[in-house]
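The structure appears below as structure tokens.
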Amino acid sequence: MFLYNLTLQRATGISFAIHGNFSGTKQQEIVVSRGKILELLRPDPNTGKVHTLLTVEVFGVIRSLMAFRLTGGTKDYIVVGSDSGRIVILEYQPSKNMFEKIHQETFGKSGCRRIVPGQFLAVDPKGRAVMISAIEKQKLVYILNRDAAARLTISSPLEAHKANTLVYHVVGVDVGFENPMFACLEMDYEEADNDPTGEAAANTQQTLTFYELDLGLNHVVRKYSEPLEEHGNFLITVPGGSDGPSGVLICSENYITYKNFGDQPDIRCPIPRRRNDLDDPERGMIFVCSATHKTKSMFFFLAQTEQGDIFKITLETDEDMVTEIRLKYFDTVPVAAAMCVLKTGFLFVASEFGNHYLYQIAHLGDDDEEPEFSSAMPLEEGDTFFFQPRPLKNLVLVDELDSLSPILFCQIADLANEDTPQLYVACGRGPRSSLRVLRHGLEVSEMAVSELPGNPNAVWTVRRHIEDEFDAYIIVSFVNATLVLSIGETVEEVTDSGFLGTTPTLSCSLLGDDALVQVYPDGIRHIRADKRVNEWKTPGKKTIVKCAVNQRQVVIALTGGELVYFEMDPSGQLNEYTERKEMSADVVCMSLANVPPGEQRSRFLAVGLVDNTVRIISLDPSDCLQPLSMQALPAQPESLCIVEMGGTEKQDELGERGSIGFLYLNIGLQNGVLLRTVLDPVTGDLSDTRTRYLGSRPVKLFRVRMQGQEAVLAMSSRSWLSYSYQSRFHLTPLSYETLEFASGFASEQCPEGIVAISTNTLRILALEKLGAVFNQVAFPLQYTPRKFVIHPESNNLIIIETDHNAYTEATKAQRKQQMAEEMVEAAGEDERELAAEMAAAFLNENLPESIFGAPKAGNGQWASVIRVMNPIQGNTLDLVQLEQNEAAFSVAVCRFSNTGEDWYVLVGVAKDLILSPRSVAGGFVYTYKLVNNGEKLEFLHKTPVEEVPAAIAPFQGRVLIGVGKLLRVYDLGKKKLLRKCENKHIANYISGIQTIGHRVIVSDVQESFIWVRYKRNENQLIIFADDTYPRWVTTASLLDYDTVAGADKFGNICVVRLPPNTNDEVDEDPTGNKALWDRGLLNGASQKAEVIMNYHVGETVLSLQKTTLIPGGSESLVYTTLSGGIGILVPFTSHEDHDFFQHVEMHLRSEHPPLCGRDHLSFRSYYFPVKNVIDGDLCEQFNSMEPNKQKNVSEELDRTPPEVSKKLEDIRTRYAF
């Protein structure tokens, strides 16, 4: 078995975010890392929408990311620390839309090791040097400079190693143009290591160490080191030189401290806490991330606590000495992994979990009522300040980037009866969790919908003048009339436009600079800017059946297949070409391309005929109306559309930006198939046809504009958009009802919209999330969802949600009540009334936990609910709250053979589980009966067990439960579940159970799979085979009777199969005659499974399912990852295909090595050598390579570049999208 890996949705969780001017213009951009992906985002300063410019897989782990700019430069570069053992400097090239690797310096081994640098990066604020550090011992400094041609140069590394030292954080200190300086949080463990009593370990202090790079001596000196009172977790650089006092802020538990060289005394300020917080008051508070904003006249920091509260931090200075730190509560946003304050006044928040946000900073919070806390305020040691959290005041949310991270569980099923299956994804963490329903398609936002007096048959938009940015009219054609609407603040009917209203319209367009043309069955109407009208009438009894129009040309087809061609002359007059062309059959459809910039006309006309052919006809004056080429079609054409797509932006001599693309002829057939063919711009030849089935109706095509480029809207029983995005073609369905006719639409509110008709309504639509594979509907949940099952009859979901370090609703209410009573008791006689009012206000206050976070209850505190949800509407049908410290870990829905048709839900619950050091007071299996057509849970009984029941699976009318490391069969009893049989030989802890026939495949938490056979006659569970590798299995899926696919904690997927000669009729040998080694107890079972495939995904996979994703497609193995990625593994059906893709992968490894310097083969073999899997993500980078490299690779394969692209596209569309 050979598999091909494809990513459907890239990871969405963000681990690092940096901002700068990476394209060299004044625009602010953000570069984010998503594990093994680098992405460049650009927030639009006018609309606030975030656009993705570029996404690159780096096939390595990005451990750190920094932006820097050389002194006096205008462009920011990106430094990447990864697991490749190399430092890489990247530059963004806007003309090619790619990251270019400028430098790659090797300094150590690959992999995330503790003494190989790459974990921390720090840059001198003036861009003169960069320090790259490991977690332990090694630090290297590189000097950055320019050569004579103004190219960036990098020195050889200077060492600043210190053995036996752990590093917690590194930053560059702003010292102006003095010698560059770096500050590190370090801890020396040498004494602690050598002291057997443990005293030294208890007394070890963290130190703040400054390293200076002496540019004169080309040497790094350890300048200064001092011990810290509290344990710091990160550092913030304070602007220096002419901008500020320099130095660093140390964020530590409960305190923020300012430190600098020389006479500067330490200034420290406690971190304010929330008033009346339900958290444990003994728990420390830390800052988790920060952002700095600096202008010529001032600077401030925004720092976020682990509850999500942002504080604005300012420093008061007296000359060059800092005298106080001031903190002011700013706003509360979800806890972030990184924050960026952009110069355009935006705050980008990359959330740790869940969606990411872009906020506009509306106020700086200087002049409001909020109290300001200062280091100068007197406080007792151990006391702190208190503040009151509130909804957003200084920030305004302008955009939200959907993120599925973390996906904890996923099932694929067509519960909504839509033919195409939906993905039901349990994602998020704590109160920000959600169940999301993903459907393949682009999200459509409805701008306006209005009823029309009848059912129209077509719609167009036209501009009044070629220079206009927005459309002026919408023209709607009915069976016997034409309606003209003007576009302004509102859309209203106009009568003086010059259009003929008493006839249907076949087409209309802007002609020349400022004239309009209307083609109707009896003729052509040319309306000049001064409302003069020229008419051309059809000869005799003939009428116009089809037409094609662009800015300068009109072609019409009369009944009987006669073509008449008109072209506009320089005076703006429409002139008929002297000859007419008789076609051999009736014309069904026609298309002209837009006139290319700087040319007189479009050279080609495409005509589709009844005889199942498309013909390309020249419109060049030298051979006008001569046929150039022809393509036979599998069915009759319905519509044609010539577009220029896939262009790269180029600047001409005058600095005008234009794009040079390829001409594509799109052909929509009557059988619902879309063909895309390349049209040669010189000869008119047609080549390289791609085919996709779109739906059951004939396909109509319309040209629209998306992100400044031409795109094609194709309408069948579903509407599809074909567009080029990040140098790849996408053909994606719209998640919207069926449309009948459409046209591009541009107005002030909606610069790139679509106007469309559906039955008797006119709709204005916008597509904002181009490039998105899925559109999603999210239903909020209360705690982190762990698993869910689908009730087969009602299609409802039964979800278990469990959170550690959390209170149940009942405990929360009880704690609040208790705190309110304490408030009243603590008040003196005269303050009783006020205290009672405050207590009442506190009890009524309800800040949403999805924004303000849930209170942290402490270790060993658990909260759980069991929820029954309707997956289509998303409403909760039933909710069972478990008691405090009961944690639900497993759920199953099953029938028992002795109870007939009733369905039961079993939930495995742990009691008082402490994770480290692990201890548990036991567990329960709750049994519920599903009543009310699967909408309500009726409690039957609970069965006590000794350990955590972490896996439950229905099995032959009974149920299998993994209790710790015991595998048991239970049956339903009146008072509890009855134990029928057990096996004690599983190694550690059962994390999953799959069943097929009499076989049971058990996943162990760290010992891979164990095959068990149930013998009904002897009522025994007998182990007959296992795996030879230790795998920390997270999820598994059966592929057939002998084969199982599994994923582990470290990001690998494997497929394991039992050899054909495996015998599962083994006995436990009650006689004892068998030799000891035959039993195989020393090294597991006597029979071993074979590994068929191994592959390192690079993200922890938490669900696997064998399913089909598109109607009529083949089966594939779909996986989802903790980082929010969704991918598939698909089997090759022929040896030729496998051989071809193996060669593509081999050539790309050498021709197009990964961006951050990691070797592709060793990345995919991180833990086990990659076996029988070809990496489709690498193969698909073929399309983004430079044309000459594409040519070299395809020549090696004896193909042309379009043929290779077509193979890549075909394998993707056969299984997915």
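Each position is counted from 1, following the chain as shown.
Backbone N, Cα and C atoms are what each Cβ position is placed from, and that goes for glycine too.
Note that the structure is predicted; figures quoted are calculated from it, not measured.
Residues 145-168 are the range that Swiss-Prot records as region 'Interaction with PHF5A, SF3B1 and SF3B5', among 145-168, 409-432, 505-528, 601-624. Checking the ranges 7-25, 83-101, 786-804, 1052-1070 against Swiss-Prot, the region 'Interaction with SF3B1 and SF3B5' annotation falls on 786-804. If you look at the region 'Interaction with PHF5A, SF3B1 and SF3B5' (145-168), the same-chain residues 6 or more away from its ends with a CB under 8 A from one of its CBs are 70, 77, 87, 89, 91, 102-103, 105, 107, 119-120, 128, 131, 133-139, 184-190, 193, 206, 211, 213, 218-220, 222, 232-234.
Nearest neighbour of G284 (site 'Interaction with SF3B5') by Cα distance, taken over the recorded positions S156, E306, E352: E306.
Tertiary proximity for the region 'Interaction with SF3B1 and SF3B5' (193-231) is limited to same-chain residues at least six positions away from its ends with a CB under 8 Å from its CB atoms, namely 124, 128-129, 131, 139, 141, 143, 155, 158-160, 162, 164, 168, 173, 179-187, 248, 250, 252-255, 257, 259, 261.
Taking the Cα of T1200 (phosphothreonine) as the reference point, the closest of the recorded sites E306, R429, K1171 is K1171. Here E306 (site 'Interaction with SF3B5') is compared against the recorded positions S156, E352, R429, N988, K1171, and the shortest C-alpha distance is to E352. When the recorded positions S156, E352, K1171 are compared by Cα distance to R429 (site 'Interaction with SF3B5'), the shortest distance belongs to E352. Using Cα positions, the member of the recorded positions S156, E352, K1171 nearest to N988 (site 'Interaction with SF3B1') is identified as K1171. The Cβ of T1200 (phosphothreonine) has 15 neighbouring Cβ atoms from other residues within 10 Å, across all protein chains displayed. DSSP assigns K1171 (site 'Interaction with SF3B1') to a strand in the three-state reduction. Tertiary neighbourhood of the region 'Interaction with SF3B1' (1028-1049): same-chain residues 991-992, 994, 996-997, 999, 1001, 1003-1009, 1055-1058, 1060, 1062, 1088-1089, 1091-1092, 1097, 1100-1106, 1117, 1119, 1129, 1167-1168, selected by CB-CB distance under 8 Å and a gap of 6+ residues from either end.
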